[in-house]
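Visitor: What TrEMBL shows for this protein is this:
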type	residues	note
COMPBIAS	399-413	compositional bias 'Low complexity'
DOMAIN	105-222	domain 'Phosphatidic acid phosphatase type 2/haloperoxidase'
REGION	398-433	region 'Disordered'
TRANSMEM	76-99	transmembrane segment
TRANSMEM	175-195	transmembrane segment
TRANSMEM	207-224	transmembrane segment
TRANSMEM	230-251	transmembrane segment
TRANSMEM	263-285	transmembrane segment
TRANSMEM	477-499	transmembrane segment
Amino acid sequence: MRPPASESALFQHTPDLSATLKREWEPGCQPDEVYGEYLPTWRAWMRNKLVDRLRRENVWMAEWQKRVRTERRDKFFYYSAVFGTHTFFMMFLPILFFFGRPWEARGLLYVVGTGIYVSSYVKDLVCTPRPYSPPVIRLSDSLNTGFPSSHSTNSTSIALFFGQWLFNLRHDVGYLWLLILDTVLAIYAASVIGGRVYTGMHSTADIIGGSIMGIVCWIFWIVVREPFDRWIMTGSWTVPAVIVPFVLGLIHFHPEPMDDCPCFEDAIAVLSVILGCILVEWVPLGGVAPWLQATDPGAFYRYDIITQVLVGIARLVLGECIEPGLIFAKRRVGLGIMFAWRLIAKATLLRVLPPTFRAFSHILHTQLPTRRFYTAATDYKDVPRQAFRPIPSVLDLQSGTSSPAASSPTHSPLLTPQRVPSFNGKGRSPSPMALSQANLRLRALRRESGGAVASNGDVREKPLKVRTMALKYDAEVLTKVGVYGGIGFMACGVIPYLFEIIEQSILS
């Protein structure tokens with residue numbers, strides 16, 4: 001028997017067992033017929049296969065969750081999930097550049113960045129829901145769709161990359177430490193991946209698919225690393241001539257999902273950071289700015305970054321806090337520069353791009369291509385101040401809870417409020433086959449939230465609140481490209497070069 005197709009799920013938002021559950025809208029949960037109407041046949045076929053498997057898993061997942069959940073495990077898996085997020089990766093990555101490990105940092109960026117893009121691409125391609133809630137209870141929240149698990153992709157590729165790095169250093173660290181550190185990496189990956197099922201955020205198909213993607217991205221980088229590096233080192237103008245159109249093409253041809261989902265924004269961010277990193281590596285080699293190259297990055301810190309952190313902690317404990325103070329200052333300055341760039345570039349581009357788009361549209365006498373859920377520049381005069389909302393950023397830290405404005409999309413004023421269906425399986429949505437084509441399109445825009453639910457599963461039904469849909473603007477796409485491309489350009493080249501100048505001045 002097929003479960004009712006609800007467009008909402010239960011979220012706990014905290015590992016506290018006594019927390020009140022909240023019913024919120026999430027993507028991927030509209031009736032199957034809606035996706036069959038919108039998606040091409042081959043995409044709908046893939047989605048149906050994954051959804052059928054999810055429905056078979058849902059019952060045992062709920063029963064298993066009831067058996068194994070404890071307050072300590074809830075807290076462990078809730079907080080360990082942050083180590084598989086894009087935010088953790090992007091906050092950690094610049095440190096490798098700042099402290100003299102550019103080759104390893106670039107490799108990590110390309111491996112994990114490719115995984116982020118591939119997982120975001122597939123999420124928007126198949127538009128699958130997360131495990132149905134109820135009966136599963138969500139301990140976290142997300143506006144992304146289900147398959148694949150990006151946490152699994154990220155943690156797998158990170159663990160494999162660092163495992164390979166440690167293996168290359170096996171003669172320096174010793175086989176005992178190699179075994180210990182590899183065990184730590186395995187526990188890290190297993191905790192993040194297994195925690196996605198424990199917290200009710202993913203099915204086994206999601207984590208298996210995500211893990212396989214992480215492995216494939218790591219193997220792909222091993223295969224292409226040397227020829228790719230040789231190509232960049234040639235300094236040929238074919239590098240920007242190929243890379244820039246290629247990245248812009250990946251952004252332009254990213255699949256358009258049925259539901260509004262931030263996967264596209266994640267893909268833009270990571271592709272732009274990779275683009276900026278490649279360009280800043282090429283710039284001194286291509287003769288554009290030969291001086292923009294850190295020949296001895298991290299000169300002030302002659303040891304490996306791991307050794308420096310351990311030594312810094314020891315000296316801090318012993319009262320000698322100069323060195324760790326410099327380490328923290330260096331990190332803060334670097335991140336501060338990127339944050340300042342983000343503020344300036346974002347504000348500038350959002351003011352310059354809309355009139356530019358309108359001018360091109362007027363000259364070409366045609367409407368410029370605009371993605372689904374985005375408003376064309378010809379349909380608005382100025383970007384409202386509220387549109388200057390935070391872009392998902394490498395500088396944004398994940399919080400334990402989400403604000404209402406950030407956690408769920410807003411609602412279409414065209415749709416009448418509906419009552420939250422009860423959890424006993426009797427409250428079904430009307431069959432979409434009985435709806436007209438216009439109603440199907442309206443239903444595709446419907447968003448559901450509100451309706452607090454007690455932790456024992458009792459529902460307090462009330463009409464849904466109807467609010468105006470938040471608008472996205474076409475200028476935001478290229479704004480993200482400029483902002484994150486600049487962040488990659490500075491983090492991978494400009495800031496390490498700046499630090500080298502400062503450190504060499506101090507040493508001399």
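Just so you know, glycine gets a Cβ as well, placed from its N, Cα and C.
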Visitor: Given a Cβ distance threshold of under 8 angstroms, which distant residues of the chain, six or more beyond its ends, lie next to the transmembrane segment (175-195)?
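Guide: Residues 76-78, 80-81, 83-84, 149, 151-152, 154-156, 158-159, 162-163, 166-167, 169, 207, 210-211.
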Visitor: Are there residues at least six beyond either end of the transmembrane segment (230-251) with Cβ under 8 Å to its Cβ atoms? List them, or say none.
Guide: 117, 267-268, 271-272, 274-275, 278-279, 281-282, 285-287, 477, 481
Visitor: Using DSSP, what is the helix/strand/coil residue split across the domain 'Phosphatidic acid phosphatase type 2/haloperoxidase' (105-222)?
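Guide: Helix, strand and coil residues of the domain 'Phosphatidic acid phosphatase type 2/haloperoxidase' (105-222) number 88 helix, 1 strand, 29 coil.
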Visitor: Would you kindly list the residues that approach the transmembrane segment (477-499) from elsewhere in its chain, counting only those six or more residues past its ends and only Cβ-Cβ distances under 8 Å?
Guide: 93-94, 97-98, 100, 102, 105-106, 109, 248, 251, 265, 268-270, 272-277, 279-281, 283, 292-294, 297-298, 330, 334, 337-338, 341-342, 345-346, 349-350, 353, 371, 374, 391, 394
